[in-house]
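What Swiss-Prot says about this protein:
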type	residues	note
BINDING	G49, P50, P51, G52, S53, G54, K55, T56	ATP binding site
DOMAIN	416-599	domain 'Macro'
Amino acid sequence: MSISEKPLSELLRPKDFEDFVGQDHIFGNKGILRRTLKTGNMFSSILYGPPGSGKTSVFSLLKRYFNGEVVYLSSTVHGVSEIKNVLKRGEQLRKYGKKLLLFLDEIHRLNKNQQMVLVSHVERGDIVLVATTTENPSFVIVPALLSRCRILYFKKLSDEDLMKILKKATEVLNIDLEESVEKAIVRHSEGDARKLLNTLEIVHQAFKNKRVTLEDLETLLGNVSGYTKESHYDFASAFIKSMRGSDPNAAVYYLVKMIEMGEDPRFIARRMIIFASEDVGLADPNALHIAVSTSIAVEHVGLPECLMNLVECAVYLSLAPKSNSVYLAMKKVQELPVEDVPLFLRNPVTEEMKKRGYGEGYLYPHDFGGFVKTNYLPEKLKNEVIFQPKRVGFEEELFERLRKLWPEKYGGESMAEVRKELEYKGKKIRIVKGDITREEVDAIVNAANEYLKHGGGVAGAIVRAGGSVIQEESDRIVQERGRVPTGEAVVTSAGKLKAKYVIHTVGPVWRGGSHGEDELLYKAVYNALLRAHELKLKSISMPAISTGIFGFPKERAVGIFSKAIRDFIDQHPDTTLEEIRICNIDEETTKIFEEKFSV
(Lines of atoms letter the chains of each structure in order from A and count residues from 1; the text may use other names and numbers.)
(Lines give C-alpha, C1' and ligand atoms only; values in the text may rest on other atoms or scores of the structure.)
Protein backbone atom coordinates (compact mmCIF):
# COMPACT_ATOMS: atom_id res chain seq x y z
CA MET A 1 0.00 0.00 0.00
CA SER A 2 1.41 3.41 -0.95
CA ILE A 3 1.52 6.32 1.47
CA SER A 4 -1.30 8.04 -0.40
CA GLU A 5 -3.52 4.97 0.00
CA LYS A 6 -3.13 4.77 3.77
CA PRO A 7 -5.96 6.22 5.91
CA LEU A 8 -5.06 9.59 7.37
CA SER A 9 -5.49 8.20 10.88
CA GLU A 10 -2.69 5.69 10.11
CA LEU A 11 -0.43 8.30 8.53
CA LEU A 12 -0.67 10.48 11.63
CA ARG A 13 -0.71 7.74 14.25
CA PRO A 14 1.84 8.67 16.97
CA LYS A 15 5.10 6.75 16.89
CA ASP A 16 6.66 8.18 20.05
CA PHE A 17 5.61 10.01 23.19
CA GLU A 18 6.31 13.43 21.67
CA ASP A 19 3.85 12.71 18.86
CA PHE A 20 0.87 12.39 21.20
CA VAL A 21 -1.47 15.35 21.60
CA GLY A 22 -3.32 15.58 24.91
CA GLN A 23 -3.31 13.02 27.76
CA ASP A 24 -0.29 14.63 29.43
CA HIS A 25 -1.07 12.70 32.62
CA ILE A 26 -0.26 9.54 30.63
CA PHE A 27 2.22 10.54 27.90
CA GLY A 28 3.83 13.69 29.36
CA ASN A 29 7.26 13.84 30.99
CA LYS A 30 5.74 12.84 34.33
CA GLY A 31 3.08 10.59 32.80
CA ILE A 32 2.72 7.12 34.26
CA LEU A 33 2.95 5.30 30.91
CA ARG A 34 6.00 7.23 29.82
CA ARG A 35 7.88 6.57 33.05
CA THR A 36 7.01 2.87 33.00
CA LEU A 37 7.70 2.11 29.33
CA LYS A 38 11.02 3.99 29.35
CA THR A 39 12.25 1.20 31.65
CA GLY A 40 11.06 -1.46 29.21
CA ASN A 41 8.33 -2.64 31.56
CA MET A 42 4.54 -2.46 31.56
CA PHE A 43 1.77 -3.40 33.98
CA SER A 44 -1.58 -5.00 33.16
CA SER A 45 -3.99 -2.18 32.54
CA ILE A 46 -7.31 -1.09 31.10
CA LEU A 47 -7.18 1.98 28.86
CA TYR A 48 -10.60 3.58 29.33
CA GLY A 49 -11.81 6.64 27.50
CA PRO A 50 -13.98 8.04 24.71
CA PRO A 51 -13.42 7.17 21.03
CA GLY A 52 -10.51 8.86 19.30
CA SER A 53 -8.67 9.80 22.49
CA GLY A 54 -5.45 7.87 21.76
CA LYS A 55 -5.99 4.46 23.37
CA THR A 56 -5.26 2.27 20.34
CA SER A 57 -2.22 4.37 19.46
CA VAL A 58 -0.56 3.14 22.65
CA PHE A 59 0.17 -0.09 20.76
CA SER A 60 2.92 1.64 18.74
CA LEU A 61 4.62 2.72 21.98
CA LEU A 62 4.39 -0.78 23.41
CA LYS A 63 6.01 -2.27 20.32
CA ARG A 64 8.82 0.24 20.52
CA TYR A 65 9.59 0.23 24.24
CA PHE A 66 8.31 -2.98 25.86
CA ASN A 67 11.09 -5.44 26.61
CA GLY A 68 9.33 -8.51 25.25
CA GLU A 69 7.00 -9.79 22.56
CA VAL A 70 3.93 -7.63 21.79
CA VAL A 71 0.81 -9.08 20.14
CA TYR A 72 -2.20 -7.10 18.90
CA LEU A 73 -5.70 -8.62 18.89
CA SER A 74 -9.05 -6.93 18.35
CA SER A 75 -12.12 -8.29 20.09
CA THR A 76 -14.21 -7.32 17.07
CA VAL A 77 -12.12 -9.53 14.73
CA HIS A 78 -10.38 -12.21 16.79
CA GLY A 79 -12.13 -14.90 18.81
CA VAL A 80 -11.33 -16.91 21.92
CA SER A 81 -9.28 -19.48 20.00
CA GLU A 82 -6.80 -16.80 18.88
CA ILE A 83 -6.67 -15.38 22.38
CA LYS A 84 -5.93 -18.84 23.80
CA ASN A 85 -3.09 -19.29 21.30
CA VAL A 86 -1.51 -16.07 22.54
CA LEU A 87 -1.97 -17.17 26.15
CA LYS A 88 -0.18 -20.47 25.43
CA ARG A 89 2.62 -18.53 23.76
CA GLY A 90 2.92 -16.35 26.86
CA GLU A 91 3.01 -19.39 29.11
CA GLN A 92 5.86 -20.90 27.06
CA LEU A 93 7.87 -17.66 27.00
CA ARG A 94 7.55 -17.26 30.77
CA LYS A 95 9.31 -20.61 31.25
CA TYR A 96 12.34 -19.11 29.49
CA GLY A 97 12.20 -15.88 31.47
CA LYS A 98 10.71 -13.89 28.61
CA LYS A 99 7.64 -11.67 28.56
CA LEU A 100 4.64 -11.35 26.28
CA LEU A 101 2.27 -8.38 26.19
CA LEU A 102 -1.21 -8.85 24.74
CA PHE A 103 -2.78 -5.65 23.46
CA LEU A 104 -6.51 -6.43 23.31
CA ASP A 105 -8.56 -3.74 21.58
CA GLU A 106 -12.21 -3.22 22.61
CA ILE A 107 -12.27 -5.80 25.39
CA HIS A 108 -15.88 -4.91 26.18
CA ARG A 109 -16.87 -6.89 23.06
CA LEU A 110 -15.95 -10.10 24.91
CA ASN A 111 -18.59 -11.64 27.14
CA LYS A 112 -17.88 -12.50 30.77
CA ASN A 113 -16.97 -16.14 30.11
CA GLN A 114 -14.54 -15.10 27.39
CA GLN A 115 -12.94 -12.54 29.71
CA MET A 116 -12.51 -15.16 32.45
CA VAL A 117 -10.12 -17.04 30.15
CA LEU A 118 -7.62 -14.22 30.70
CA VAL A 119 -7.75 -14.09 34.51
CA SER A 120 -5.45 -16.97 35.51
CA HIS A 121 -2.84 -16.04 32.88
CA VAL A 122 -2.71 -12.43 34.10
CA GLU A 123 -2.56 -13.72 37.68
CA ARG A 124 0.41 -16.04 36.94
CA GLY A 125 2.22 -13.47 34.83
CA ASP A 126 2.00 -15.46 31.58
CA ILE A 127 1.03 -12.21 29.89
CA VAL A 128 0.88 -8.51 30.53
CA LEU A 129 -2.61 -7.47 29.42
CA VAL A 130 -3.25 -4.01 28.01
CA ALA A 131 -6.89 -3.71 26.96
CA THR A 132 -8.90 -0.79 25.61
CA THR A 133 -12.55 0.08 26.11
CA THR A 134 -14.90 2.99 25.57
CA GLU A 135 -17.31 1.57 28.16
CA ASN A 136 -17.13 1.99 31.93
CA PRO A 137 -14.86 -0.88 33.10
CA SER A 138 -16.93 -1.36 36.26
CA PHE A 139 -19.86 -2.39 34.10
CA VAL A 140 -18.25 -4.33 31.24
CA ILE A 141 -15.23 -6.11 32.72
CA VAL A 142 -15.51 -9.00 35.16
CA PRO A 143 -14.36 -8.09 38.70
CA ALA A 144 -11.75 -10.88 38.80
CA LEU A 145 -9.96 -9.38 35.81
CA LEU A 146 -10.57 -5.76 36.75
CA SER A 147 -8.98 -6.26 40.17
CA ARG A 148 -5.75 -7.43 38.50
CA CYS A 149 -5.48 -4.43 36.19
CA ARG A 150 -4.87 -0.76 36.68
CA ILE A 151 -7.31 1.60 34.95
CA LEU A 152 -5.76 4.43 32.94
CA TYR A 153 -8.32 7.12 32.21
CA PHE A 154 -8.09 8.81 28.82
CA LYS A 155 -9.77 12.20 28.70
CA LYS A 156 -11.86 13.53 25.87
CA LEU A 157 -9.55 15.64 23.69
CA SER A 158 -10.04 19.39 24.02
CA ASP A 159 -10.76 21.70 21.09
CA GLU A 160 -7.19 22.98 21.42
CA ASP A 161 -5.83 19.42 21.15
CA LEU A 162 -7.94 18.72 18.07
CA MET A 163 -6.83 21.95 16.43
CA LYS A 164 -3.19 20.85 16.78
CA ILE A 165 -4.01 17.52 15.12
CA LEU A 166 -5.96 19.31 12.38
CA LYS A 167 -3.00 21.59 11.59
CA LYS A 168 -0.71 18.56 11.18
CA ALA A 169 -3.26 16.82 8.98
CA THR A 170 -3.81 19.78 6.66
CA GLU A 171 -0.05 19.92 6.06
CA VAL A 172 0.02 16.22 5.14
CA LEU A 173 -2.99 16.56 2.83
CA ASN A 174 -1.93 19.96 1.50
CA ILE A 175 -5.49 21.21 1.91
CA ASP A 176 -6.51 24.87 2.32
CA LEU A 177 -9.28 25.54 4.87
CA GLU A 178 -10.84 28.79 5.98
CA GLU A 179 -10.41 29.44 9.71
CA SER A 180 -14.17 29.10 10.24
CA VAL A 181 -14.01 25.67 8.57
CA GLU A 182 -11.22 24.55 10.89
CA LYS A 183 -13.22 25.57 13.96
CA ALA A 184 -16.38 23.93 12.61
CA ILE A 185 -14.60 20.62 11.95
CA VAL A 186 -13.14 20.68 15.47
CA ARG A 187 -16.60 21.23 16.98
CA HIS A 188 -18.10 18.58 14.73
CA SER A 189 -15.47 16.07 15.91
CA GLU A 190 -16.62 16.25 19.57
CA GLY A 191 -13.23 15.42 21.08
CA ASP A 192 -12.68 12.44 18.74
CA ALA A 193 -9.39 12.63 16.81
CA ARG A 194 -10.36 9.73 14.55
CA LYS A 195 -13.62 11.46 13.61
CA LEU A 196 -11.70 14.65 12.87
CA LEU A 197 -9.25 12.89 10.55
CA ASN A 198 -12.00 10.97 8.78
CA THR A 199 -13.87 14.24 8.23
CA LEU A 200 -10.75 15.86 6.80
CA GLU A 201 -10.30 12.96 4.39
CA ILE A 202 -13.86 13.38 3.12
CA VAL A 203 -13.35 17.12 2.71
CA HIS A 204 -10.04 16.57 0.92
CA GLN A 205 -11.54 14.10 -1.52
CA ALA A 206 -14.51 16.37 -2.25
CA PHE A 207 -12.65 19.67 -2.62
CA LYS A 208 -9.17 18.97 -3.99
CA ASN A 209 -7.23 22.03 -5.19
CA LYS A 210 -9.81 24.42 -3.71
CA ARG A 211 -9.94 26.67 -0.67
CA VAL A 212 -12.73 25.12 1.41
CA THR A 213 -15.38 27.51 2.76
CA LEU A 214 -17.91 26.99 5.52
CA GLU A 215 -20.64 26.78 2.88
CA ASP A 216 -18.69 23.95 1.19
CA LEU A 217 -18.40 22.11 4.48
CA GLU A 218 -22.09 22.41 5.32
CA THR A 219 -23.02 21.25 1.82
CA LEU A 220 -20.99 18.13 2.53
CA LEU A 221 -21.77 17.47 6.19
CA GLY A 222 -24.87 19.48 7.06
CA ASN A 223 -25.01 21.99 9.92
CA VAL A 224 -21.70 21.76 11.76
CA SER A 225 -21.43 25.32 13.06
CA GLY A 226 -24.56 25.83 15.15
CA TYR A 227 -23.48 24.65 18.61
CA THR A 228 -20.78 26.89 20.07
CA LYS A 229 -19.31 26.83 23.56
CA GLU A 230 -21.54 29.80 24.41
CA SER A 231 -24.69 28.06 23.21
CA HIS A 232 -23.61 24.95 25.16
CA TYR A 233 -23.83 26.94 28.39
CA ASP A 234 -26.95 28.82 27.28
CA PHE A 235 -28.88 25.65 26.50
CA ALA A 236 -27.64 23.90 29.65
CA SER A 237 -28.69 26.89 31.76
CA ALA A 238 -32.12 27.01 30.12
CA PHE A 239 -32.54 23.27 30.66
CA ILE A 240 -31.73 23.45 34.39
CA LYS A 241 -33.86 26.54 34.97
CA SER A 242 -36.81 24.97 33.14
CA MET A 243 -36.66 21.92 35.41
CA ARG A 244 -36.31 24.19 38.45
CA GLY A 245 -39.35 26.09 37.20
CA SER A 246 -41.33 22.80 36.95
CA ASP A 247 -41.87 23.17 33.19
CA PRO A 248 -41.36 19.74 31.55
CA ASN A 249 -42.24 21.13 28.11
CA ALA A 250 -39.34 23.58 28.09
CA ALA A 251 -36.98 21.14 29.81
CA VAL A 252 -37.55 18.43 27.19
CA TYR A 253 -37.20 20.97 24.36
CA TYR A 254 -33.77 22.18 25.52
CA LEU A 255 -32.64 18.64 26.32
CA VAL A 256 -33.47 17.18 22.91
CA LYS A 257 -32.03 20.16 21.06
CA MET A 258 -28.77 19.86 23.00
CA ILE A 259 -28.45 16.23 21.92
CA GLU A 260 -29.32 17.10 18.31
CA MET A 261 -26.55 19.71 18.31
CA GLY A 262 -23.96 17.23 19.54
CA GLU A 263 -24.02 17.55 23.34
CA ASP A 264 -22.54 14.62 25.27
CA PRO A 265 -25.47 12.77 26.92
CA ARG A 266 -23.23 11.99 29.89
CA PHE A 267 -22.90 15.73 30.58
CA ILE A 268 -26.69 16.04 30.72
CA ALA A 269 -26.99 12.97 32.96
CA ARG A 270 -24.41 14.44 35.38
CA ARG A 271 -26.28 17.74 35.53
CA MET A 272 -29.51 15.94 36.39
CA ILE A 273 -27.81 14.04 39.24
CA ILE A 274 -26.65 17.37 40.68
CA PHE A 275 -30.10 18.89 40.15
CA ALA A 276 -31.77 16.00 41.99
CA SER A 277 -29.90 16.89 45.19
CA GLU A 278 -29.59 20.65 44.79
CA ASP A 279 -33.11 21.54 43.61
CA VAL A 280 -35.33 18.59 44.56
CA GLY A 281 -33.47 17.22 47.54
CA LEU A 282 -35.42 15.47 50.26
CA ALA A 283 -38.73 16.83 49.01
CA ASP A 284 -38.57 13.71 46.80
CA PRO A 285 -35.62 11.44 47.73
CA ASN A 286 -36.49 9.14 44.83
CA ALA A 287 -35.34 11.84 42.40
CA LEU A 288 -31.68 11.07 43.09
CA HIS A 289 -32.22 7.33 42.51
CA ILE A 290 -33.87 8.05 39.17
CA ALA A 291 -31.13 10.47 38.09
CA VAL A 292 -28.35 8.00 38.98
CA SER A 293 -30.21 5.18 37.22
CA THR A 294 -30.53 7.40 34.16
CA SER A 295 -26.78 8.03 34.16
CA ILE A 296 -26.14 4.27 34.27
CA ALA A 297 -28.64 3.75 31.45
CA VAL A 298 -26.83 6.35 29.34
CA GLU A 299 -23.53 4.49 29.85
CA HIS A 300 -25.10 1.13 28.94
CA VAL A 301 -27.38 2.14 26.08
CA GLY A 302 -25.72 5.10 24.38
CA LEU A 303 -27.21 7.28 21.67
CA PRO A 304 -29.68 7.43 20.08
CA GLU A 305 -31.80 5.24 22.39
CA CYS A 306 -30.56 6.76 25.67
CA LEU A 307 -32.31 10.00 24.72
CA MET A 308 -35.55 8.38 25.93
CA ASN A 309 -33.94 7.70 29.31
CA LEU A 310 -32.83 11.33 29.57
CA VAL A 311 -36.26 12.69 28.63
CA GLU A 312 -37.98 10.44 31.17
CA CYS A 313 -35.71 11.67 33.94
CA ALA A 314 -36.06 15.34 32.92
CA VAL A 315 -39.85 15.12 33.06
CA TYR A 316 -39.72 13.46 36.49
CA LEU A 317 -37.36 16.09 37.90
CA SER A 318 -39.42 18.91 36.42
CA LEU A 319 -42.58 17.71 38.13
CA ALA A 320 -40.98 16.70 41.43
CA PRO A 321 -41.57 18.98 44.45
CA LYS A 322 -38.67 21.38 44.86
CA SER A 323 -36.48 22.07 47.88
CA ASN A 324 -32.96 23.45 48.23
CA SER A 325 -32.72 22.68 51.95
CA VAL A 326 -29.86 20.20 51.41
CA TYR A 327 -27.89 22.80 49.45
CA LEU A 328 -28.55 25.47 52.08
CA ALA A 329 -27.46 23.12 54.88
CA MET A 330 -24.20 22.46 53.03
CA LYS A 331 -23.60 26.19 52.48
CA LYS A 332 -24.32 27.00 56.10
CA VAL A 333 -21.72 24.52 57.38
CA GLN A 334 -19.16 25.90 54.94
CA GLU A 335 -19.62 29.30 56.59
CA LEU A 336 -19.18 27.95 60.13
CA PRO A 337 -15.77 27.70 61.84
CA VAL A 338 -14.01 24.39 62.53
CA GLU A 339 -14.57 23.48 66.19
CA ASP A 340 -13.24 20.63 68.34
CA VAL A 341 -15.23 17.41 68.39
CA PRO A 342 -16.85 16.85 71.83
CA LEU A 343 -14.88 14.30 73.87
CA PHE A 344 -17.83 11.93 74.33
CA LEU A 345 -18.13 11.53 70.53
CA ARG A 346 -14.47 10.60 70.06
CA ASN A 347 -13.54 6.95 69.69
CA PRO A 348 -11.37 5.74 72.61
CA VAL A 349 -8.97 3.54 70.65
CA THR A 350 -6.27 3.43 73.35
CA GLU A 351 -6.21 3.43 77.15
CA GLU A 352 -4.60 6.87 77.07
CA MET A 353 -7.56 8.19 75.09
CA LYS A 354 -9.96 6.71 77.66
CA LYS A 355 -8.06 8.49 80.45
CA ARG A 356 -8.48 11.74 78.54
CA GLY A 357 -12.25 11.26 78.46
CA TYR A 358 -12.69 10.00 74.92
CA GLY A 359 -16.09 8.31 74.57
CA GLU A 360 -17.03 8.99 78.19
CA GLY A 361 -20.77 9.53 78.57
CA TYR A 362 -21.70 8.38 75.08
CA LEU A 363 -25.01 6.51 75.05
CA TYR A 364 -25.66 4.06 72.22
CA PRO A 365 -29.08 5.11 70.80
CA HIS A 366 -30.11 1.54 69.91
CA ASP A 367 -29.98 0.67 73.61
CA PHE A 368 -32.39 3.51 74.39
CA GLY A 369 -35.23 3.03 71.94
CA GLY A 370 -33.34 4.46 68.97
CA PHE A 371 -32.88 8.04 70.24
CA VAL A 372 -30.77 9.74 72.90
CA LYS A 373 -31.43 13.43 73.57
CA THR A 374 -28.05 15.15 73.80
CA ASN A 375 -26.05 17.82 71.99
CA TYR A 376 -23.93 16.25 69.26
CA LEU A 377 -22.59 19.52 67.84
CA PRO A 378 -19.44 21.24 69.15
CA GLU A 379 -20.28 23.29 72.25
CA LYS A 380 -19.96 26.68 70.52
CA LEU A 381 -22.36 25.58 67.79
CA LYS A 382 -24.92 23.79 69.95
CA ASN A 383 -27.73 26.21 69.10
CA GLU A 384 -27.17 26.16 65.34
CA VAL A 385 -29.98 24.89 63.11
CA ILE A 386 -28.14 23.64 60.03
CA PHE A 387 -30.81 21.63 58.25
CA GLN A 388 -34.05 23.53 57.80
CA PRO A 389 -36.57 21.45 55.82
CA LYS A 390 -39.03 23.13 53.49
CA ARG A 391 -42.70 22.44 54.06
CA VAL A 392 -43.09 20.50 50.83
CA GLY A 393 -43.14 16.85 49.74
CA PHE A 394 -41.35 14.35 51.96
CA GLU A 395 -39.68 17.21 53.85
CA GLU A 396 -43.05 17.92 55.48
CA GLU A 397 -42.77 14.50 57.13
CA LEU A 398 -39.12 15.12 58.05
CA PHE A 399 -40.11 18.40 59.65
CA GLU A 400 -42.68 16.67 61.85
CA ARG A 401 -40.03 14.16 62.95
CA LEU A 402 -37.64 16.98 63.79
CA ARG A 403 -40.29 18.80 65.82
CA LYS A 404 -40.78 15.69 67.97
CA LEU A 405 -37.06 14.90 68.33
CA TRP A 406 -35.68 18.43 68.71
CA PRO A 407 -38.53 20.73 69.83
CA GLU A 408 -36.08 23.32 71.19
CA LYS A 409 -34.67 23.81 67.66
CA TYR A 410 -37.71 23.09 65.54
CA GLY A 411 -40.24 24.57 67.87
CA GLY A 412 -42.48 21.76 69.05
CA GLU A 413 -45.87 23.36 68.54
CA SER A 414 -44.24 26.58 67.39
CA MET A 415 -40.96 27.24 65.66
CA ALA A 416 -40.74 30.75 67.02
CA GLU A 417 -37.53 32.07 68.55
CA VAL A 418 -37.80 35.64 69.79
CA ARG A 419 -34.56 37.41 68.87
CA LYS A 420 -35.45 40.95 69.90
CA GLU A 421 -38.26 42.57 71.90
CA LEU A 422 -39.14 46.25 71.90
CA GLU A 423 -41.96 48.30 73.35
CA TYR A 424 -43.48 51.41 71.80
CA LYS A 425 -46.31 53.23 73.55
CA GLY A 426 -47.36 50.05 75.34
CA LYS A 427 -47.28 47.83 72.24
CA LYS A 428 -44.91 44.84 72.03
CA ILE A 429 -42.85 44.54 68.86
CA ARG A 430 -40.93 41.29 68.50
CA ILE A 431 -38.37 40.16 65.91
CA VAL A 432 -38.88 36.41 65.55
CA LYS A 433 -37.13 33.59 63.73
CA GLY A 434 -39.59 30.87 62.84
CA ASP A 435 -42.23 29.43 60.54
CA ILE A 436 -44.95 32.02 60.12
CA THR A 437 -47.50 29.30 59.33
CA ARG A 438 -47.13 28.06 62.94
CA GLU A 439 -47.46 31.45 64.60
CA GLU A 440 -50.11 31.47 67.37
CA VAL A 441 -51.48 34.94 66.66
CA ASP A 442 -54.82 36.36 65.55
CA ALA A 443 -53.57 37.04 62.01
CA ILE A 444 -50.56 36.30 59.89
CA VAL A 445 -49.58 38.41 56.90
CA ASN A 446 -48.97 36.90 53.48
CA ALA A 447 -46.63 38.66 51.05
CA ALA A 448 -48.94 38.32 48.05
CA ASN A 449 -48.95 39.28 44.38
CA GLU A 450 -51.66 41.45 42.81
CA TYR A 451 -53.66 38.44 41.59
CA LEU A 452 -53.44 36.59 44.92
CA LYS A 453 -51.97 33.49 43.28
CA HIS A 454 -50.18 31.84 46.16
CA GLY A 455 -47.72 29.53 44.40
CA GLY A 456 -44.27 29.75 45.95
CA GLY A 457 -42.31 31.21 48.85
CA VAL A 458 -44.19 32.25 52.00
CA ALA A 459 -47.48 32.43 50.07
CA GLY A 460 -47.20 28.83 48.91
CA ALA A 461 -46.25 27.64 52.40
CA ILE A 462 -49.29 29.38 53.90
CA VAL A 463 -51.69 27.73 51.45
CA ARG A 464 -50.10 24.30 51.92
CA ALA A 465 -50.35 24.56 55.69
CA GLY A 466 -53.77 26.23 55.81
CA GLY A 467 -55.47 24.35 53.01
CA SER A 468 -57.11 25.19 49.70
CA VAL A 469 -59.77 27.41 51.32
CA ILE A 470 -57.23 30.25 51.46
CA GLN A 471 -56.65 30.18 47.70
CA GLU A 472 -60.37 29.71 47.00
CA GLU A 473 -61.30 32.81 49.04
CA SER A 474 -58.46 34.75 47.39
CA ASP A 475 -59.75 33.82 43.94
CA ARG A 476 -63.24 35.07 44.87
CA ILE A 477 -61.82 38.40 46.01
CA VAL A 478 -60.05 38.91 42.67
CA GLN A 479 -63.15 37.83 40.72
CA GLU A 480 -65.34 40.31 42.60
CA ARG A 481 -62.95 43.27 42.97
CA GLY A 482 -60.23 42.73 40.38
CA ARG A 483 -56.54 42.61 41.14
CA VAL A 484 -55.27 44.00 44.44
CA PRO A 485 -53.13 47.12 43.83
CA THR A 486 -49.58 47.17 45.16
CA GLY A 487 -49.57 48.54 48.70
CA GLU A 488 -53.11 47.37 49.49
CA ALA A 489 -54.22 44.50 51.75
CA VAL A 490 -57.22 42.12 51.88
CA VAL A 491 -58.33 39.43 54.34
CA THR A 492 -59.28 35.74 54.09
CA SER A 493 -59.87 33.06 56.67
CA ALA A 494 -56.86 30.99 57.77
CA GLY A 495 -58.12 27.45 57.18
CA LYS A 496 -56.18 24.96 59.29
CA LEU A 497 -53.63 27.51 60.54
CA LYS A 498 -53.46 28.46 64.22
CA ALA A 499 -54.17 32.05 63.22
CA LYS A 500 -57.78 33.21 62.67
CA TYR A 501 -57.09 35.28 59.57
CA VAL A 502 -54.60 35.72 56.76
CA ILE A 503 -54.02 39.31 55.68
CA HIS A 504 -52.76 39.36 52.10
CA THR A 505 -50.72 42.49 51.45
CA VAL A 506 -49.13 43.25 48.08
CA GLY A 507 -45.57 44.52 48.31
CA PRO A 508 -43.60 46.13 45.47
CA VAL A 509 -41.16 44.44 43.12
CA TRP A 510 -37.77 46.13 43.44
CA ARG A 511 -36.87 47.96 40.21
CA GLY A 512 -33.89 49.99 41.36
CA GLY A 513 -35.57 52.31 43.85
CA SER A 514 -36.76 55.04 41.49
CA HIS A 515 -40.30 53.74 40.92
CA GLY A 516 -41.86 54.52 44.29
CA GLU A 517 -40.89 51.20 45.87
CA ASP A 518 -40.24 52.71 49.33
CA GLU A 519 -43.68 54.34 49.50
CA LEU A 520 -45.41 51.18 48.25
CA LEU A 521 -43.69 48.98 50.84
CA TYR A 522 -44.64 51.47 53.56
CA LYS A 523 -48.29 51.26 52.44
CA ALA A 524 -48.18 47.44 52.33
CA VAL A 525 -46.99 47.24 55.96
CA TYR A 526 -49.29 50.01 57.19
CA ASN A 527 -52.40 48.62 55.48
CA ALA A 528 -51.76 45.13 56.85
CA LEU A 529 -51.78 46.62 60.36
CA LEU A 530 -54.88 48.64 59.48
CA ARG A 531 -56.81 45.50 58.43
CA ALA A 532 -55.91 43.88 61.78
CA HIS A 533 -57.06 47.01 63.62
CA GLU A 534 -60.38 47.02 61.73
CA LEU A 535 -60.96 43.40 62.80
CA LYS A 536 -60.14 44.36 66.42
CA LEU A 537 -57.34 41.80 66.61
CA LYS A 538 -54.78 41.66 69.40
CA SER A 539 -51.77 40.11 67.65
CA ILE A 540 -50.33 39.98 64.15
CA SER A 541 -47.24 38.37 62.60
CA MET A 542 -45.78 39.47 59.28
CA PRO A 543 -42.76 38.45 57.16
CA ALA A 544 -40.23 40.81 55.61
CA ILE A 545 -42.57 41.71 52.74
CA SER A 546 -40.99 42.08 49.26
CA THR A 547 -37.47 41.10 50.39
CA GLY A 548 -37.65 37.60 48.91
CA ILE A 549 -38.21 36.96 45.21
CA PHE A 550 -39.43 40.57 44.79
CA GLY A 551 -35.84 41.62 45.52
CA PHE A 552 -36.36 44.60 47.87
CA PRO A 553 -33.04 45.25 49.72
CA LYS A 554 -33.43 43.89 53.24
CA GLU A 555 -31.50 46.57 55.11
CA ARG A 556 -33.49 49.25 53.31
CA ALA A 557 -36.74 47.47 54.19
CA VAL A 558 -35.96 47.52 57.94
CA GLY A 559 -36.24 51.30 58.17
CA ILE A 560 -39.51 51.32 56.22
CA PHE A 561 -41.03 48.64 58.48
CA SER A 562 -39.93 50.62 61.53
CA LYS A 563 -41.50 53.86 60.29
CA ALA A 564 -44.76 52.21 59.15
CA ILE A 565 -45.24 50.45 62.51
CA ARG A 566 -44.37 53.57 64.50
CA ASP A 567 -46.68 55.78 62.42
CA PHE A 568 -49.53 53.30 62.71
CA ILE A 569 -49.29 53.18 66.52
CA ASP A 570 -49.02 56.99 66.68
CA GLN A 571 -52.11 57.43 64.49
CA HIS A 572 -54.18 54.70 66.20
CA PRO A 573 -53.57 55.07 69.93
CA ASP A 574 -56.79 53.18 70.65
CA THR A 575 -55.91 50.11 68.56
CA THR A 576 -56.63 46.70 70.03
CA LEU A 577 -53.30 45.42 68.67
CA GLU A 578 -51.03 44.53 71.57
CA GLU A 579 -48.32 42.55 69.78
CA ILE A 580 -46.71 43.02 66.35
CA ARG A 581 -44.29 40.28 65.29
CA ILE A 582 -41.89 40.32 62.33
CA CYS A 583 -41.33 36.63 61.62
CA ASN A 584 -38.85 35.18 59.11
CA ILE A 585 -37.60 31.62 58.75
CA ASP A 586 -34.16 32.39 57.31
CA GLU A 587 -31.25 33.46 59.48
CA GLU A 588 -29.97 36.25 57.23
CA THR A 589 -33.23 38.23 57.20
CA THR A 590 -33.86 37.61 60.90
CA LYS A 591 -30.39 38.84 61.81
CA ILE A 592 -30.70 42.02 59.74
CA PHE A 593 -33.99 42.91 61.45
CA GLU A 594 -32.56 41.94 64.85
CA GLU A 595 -29.60 44.26 64.41
CA LYS A 596 -31.19 47.17 62.53
CA PHE A 597 -34.83 47.41 63.65
CA SER A 598 -35.66 50.15 66.14
CA VAL A 599 -38.59 52.36 67.11
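Residue numbering: from 1, along the chain as shown.
Note that Cβ sites are derived from N, Cα and C of the backbone, with glycine treated the same way.
All features noted in Swiss-Prot, drawn onto the structure.
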{"residue": "G49", "record": "ATP binding site", "CB count, 10 Å": "20"}
{"residue": "P50", "record": "ATP binding site", "CB count, 10 Å": "16"}
{"residue": "P51", "record": "ATP binding site", "CB count, 10 Å": "14"}
{"residue": "G52", "record": "ATP binding site", "CB count, 10 Å": "25"}
{"residue": "S53", "record": "ATP binding site", "CB count, 10 Å": "24"}
{"residue": "G54", "record": "ATP binding site", "CB count, 10 Å": "23"}
{"residue": "K55", "record": "ATP binding site", "CB count, 10 Å": "24"}
{"residue": "T56", "record": "ATP binding site", "CB count, 10 Å": "19"}
What are the other residues, in sequence order, whose C-beta lies within 8 angstroms of the center of the C-beta atoms of G49, P50, P51, G52, S53, G54, K55, T56 at the ATP site?
T132, T134, F154, D192, A193, R194
